[in-house]
Amino acid sequence: MSSIDKKELEKFEKISHNWWNKDGEFGILHRINPIRLEYIIEKITSHYNDISKLEILDVGCGGGLIATPLAAQGFNVTAIDALQSNIETASTYAKENGVKVNYLQSTIEELQSDKLYDVVICLEVIEHVENVQQFILNLVGHIKPNGMAIISTINRTKKAYVLGIIVAEYVLGWVPKNTHDYSKFLKPSEIYEMLTDTDIEIKELKGLVYDPAKNEWKLSNDIDVNYFMCLGRKTNRHCKEITK
């Protein structure tokens, strides 16, 4: 069952050359990237005592905005994307900056099924795919027994519709118009339900919010719009139900 949404691929292919232009269509990702990296590294280093040999998989890596900086810090990173043009952009940037990343044009379905990773990352991707439950199950299917996954996406709330679409796309122009489809936003509770019959549970939810007074992005307990989700194996204790 494919997760590919051809219309989404067509949208991103048109701008795939522009991933590293901080003033271009992906400018907002550059602005939140320091916070994303900080969160990911904090989760990894708090989960693992020894990070020297960890294998990381970045799914839907785009132009490599996460994969390349992680690899530059010494992590062993494999990064995949369905678009060859994204992989070419990511590979070129990494090579020009002397960073080694294993970039592959692939979908999660095409990836070697028995290859497992210590950390699976998927940022701002699941709101752009088809068959989202199977996509998420495929993601967590590549986690090692003691591994973890970090996902980020947008909540399906009225607040997210106003801020994530009307304001971000049409008022401030942070992202191109029609980048997002509100119906494809996911509530954390829906992901919780998708994982009910697996051995994976939600370990943490953390919001990412914009502070207009300081003109900066920061982590928050407010998950009404953008949020991170950290996943791992279920423990013996009862998994807290996610209802939001």
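Cβ atoms are placed via backbone N, Cα and C, with glycine included.
Sequence annotations record features per position, and here Swiss-Prot assigns S-adenosyl-L-methionine binding site to Arg36, Gly60, Asp81, Leu123.
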> Per DSSP, to which secondary structure element type does Leu123 (S-adenosyl-L-methionine binding site) belong, with helix, strand and coil as the options?
Replying inline: strand
>> Is it possible to get the count of other C-beta atoms within 10 angstroms of the C-beta of Asp81 (S-adenosyl-L-methionine binding site)?
In response: 28
> Under a criterion of Cβ-Cβ distance under 8 Å and sequence separation of at least 6, what residues of the same chain contact Gly60 (S-adenosyl-L-methionine binding site)?
Replying inline: Ile80, Asp81, Ala82, Cys122, Leu123, Glu124, Val125, His128, Val129
>> Please report the three-state DSSP label of Arg36 (S-adenosyl-L-methionine binding site).
In response: helix
>> List every residue in the same chain as Arg36 (S-adenosyl-L-methionine binding site), at least 6 positions away in sequence, whose Cβ is under 8 Å from its Cβ.
In response: Ile66, Leu123, Ser152, Leu208
> Reduced to three states, what secondary structure does DSSP give Asp81 (S-adenosyl-L-methionine binding site)?
Replying inline: strand
